[in-house]
């Protein structure tokens, strides 16, 4: 293929191998019950949060727009997917993937409906209007009969069963991997560059021939789609959903994950989403002080690392290997030079 | 044949008539200077040409077709690219990506092709990377291709902005004070670069500049604006000796 | 008549929103921060009233004064501890926003630890017999709310337009760099703005306690959000705008409660916000600014 270097291919192969290895190890541990269901549920929730954070990163990191209603898209996806599997008489193995796509599409559609008017605004005003839409979606779900109002939906089946402990994990893991991959590839494609250009300077982007409205909407809808899929996974992971699970606090939780990790850094989002899911569980013993501690950590990180833990940098395996190799090679060269001298 | 022509162009902000009856044309491959005292409306002309403001009267014809009402990005795609008075680069991304962004509309591969890295992605990305390097070479920016745009020194930032505008394949290039803040050596170098661009890229250039040596030295045709109206136009010699122009610059009658 | 009394009812509730909205608006005007912790200051104020009035059994006037003072100081302290470093270093605005969210979570959980998460009942504070006005009944809390909010707004307007510190506030919000060059101590000005905003929130808290019988640690969340909506609705940075927004919101809420459904109140509130922003992106009384190219 023209344009693709051997190094790129190698890096794809290595990354794929590591992902597969990781999957095999974890799923074996789960099915052998070395990781019990409590911990495997935490792993699943962590991965779902990673998906959400990475999807929000498309809008907040790449497009540079603040969104305070991401949980709204998650809600739409969760309800659409759950209603589908609850009402369609198909085996779950068949209906589940369809439900996820339906969830994603429903969320993307709501993203389109919200995005067309909202994206005319910028900065804080966009943030506020997404907040408004997020709240409205929640109130609507609270009042419709099909969503069963404030009681929500329950009895949503999980793919996990006594004989299959890794059903949910497999789906969630590979979707998370794909979403991370998508974030990288989208960000370095011509479309991603156009989106980044808008973040950097909207007027200059427009003057460079970028249809800014289109690309803003593209990033927004893509993020909504992924959040919808994550909602579908979430609904089937926890089995019961109600509107209060998707409120403003949930939206800020996702936003915090993105900002804490470093805006625009996918690895940062992954790390902070992971840590922020595990931390509250780890602090269960101090449940009274848990949130207090969380807020203090949050404030301190922002005060002393305002751009987030990783800033905009990314961790790449190949890059790290190269760095180590250079460091080692450099030492060798230095010692060689010393010997010569 | 003229590539760009304005007829009776005018705009009013509220009650203030900022531009009135602006009528000029640019021939293919011509370098035209737009000069005038501060506040004469020069940048406003650029903003009208690129739909940042919408004219309240008149037409703008690019290759004989009226472009008034088209969106900014459509105008760029149709062949008018510009730079800004206060440089507007994509600061936090690489120099080469700055250029590639302006080539975006000339690329074809789909979103899915980009996400899944299909062959069309690799093929087009390679082509566009090569082209971007070529373009950067012209401005001697090639060695900085992977640096962040914000880390370039001022003079090179101005150049990069011109390179980015050229990457959009324009028929007409609008330069808003390209020599502002440059020292005499840099200015001289810039003059050479601009002549080179015209010859190499077959592009007509309309530029706003306060440095009269620059304007007189490079422009074949000069348009003088004062209080939103054209008060004189012609060759450097004609404009220099025009009493109206002298009055506008020195004040008084 | 029913309609008119609903309007007046709405104005009464809207007065609380208006007072809180003023704080949002002032802080946003000066540092461009959506101060998500501002809503929780109401909660802090309400608990201050509760502590002084109920737990310590002290007179009402002391409770009111104490609450205002406490919140004013709390506002300054929060600015110094949580925002100051970011403001001085010109950190990304989103970091500031996340910090504000952090402060909000902190306050809610701190008060939950201190007072428990169950609601506390408030005694009646200022009461007198309802007034009859041509068939419309005006409750004491409605009359107090409206008159207090009007007085506060007039006072604030006076402060901002006539007093030295008010002029410094306006200058700082217009162009902090230039204000500094003109010899204005912008740091003090910003801290003062937080203090005044928080004190106003405390006044809002007193009115809240006088209107509703219960307070709890998370009460600031939705209340703050709505007050913020009011500030945006009226045009953020504008004092009359914040008042107008607050009143509008209150009336819209009471109308929805009366004629549509109390379940849909929040949807209507946010719906109005969206429509206003789409028609006039800077709010009803906000200034239109356009980036110069």
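Each residue, glycine too, has its Cβ placed from N, Cα and C.
As recorded in TrEMBL:
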- A:12-30: transmembrane segment (TRANSMEM)
- A:42-60: transmembrane segment (TRANSMEM)
- A:66-86: transmembrane segment (TRANSMEM)
- A:98-119: transmembrane segment (TRANSMEM)
- A:125-144: transmembrane segment (TRANSMEM)
- A:165-186: transmembrane segment (TRANSMEM)
- A:214-234: transmembrane segment (TRANSMEM)
- A:254-279: transmembrane segment (TRANSMEM)
- A:291-311: transmembrane segment (TRANSMEM)
Grab the same-chain neighbours of the transmembrane segment (A:291-311) for me: Cβ-Cβ under 8 Å, and only residues 6 or more beyond its ends, written as numbers and ranges. 256, 259-263, 265, 267-268, 271-272, 276, 279-280, 283
Relative to the transmembrane segment (A:98-119), which of A:12-30, A:66-86, A:214-234 accounts for the most Cβ pairs at distances under 8 Å? A:214-234
Tertiary contacts of the transmembrane segment (A:42-60), defined by C-beta under 8 angstroms and 6+ residue spacing from its ends, are 26, 30, 35, 66-67, 70, 74, 168-169, 172-173, 175-176, 179-180, 183, 186, 195, 219-220, 222-223, 226-227, 229-230, 233-234, 237, 254-255, 257-259, 261, 263-266, 269-270, 272-274, 276-278, 281
In the same chain, residues at least 6 away from the ends of the transmembrane segment (A:254-279) whose Cβ sits under 8 Å of its Cβ atoms read 42, 45-46, 49-50, 52-54, 56-57, 60-62, 66-68, 70-71, 180, 183-184, 187, 294, 298, 301-302, 307-315
Do any residues, 6 or more residues outside the transmembrane segment (A:165-186), come within under 8 Å Cβ-to-Cβ of it, and if so which ones? 19, 23, 26-27, 30-31, 33, 37, 40, 43-44, 47-48, 50-51, 54-55, 57-58, 62, 96-97, 100, 158-159, 192, 222, 226, 229, 233, 236-237, 266, 270
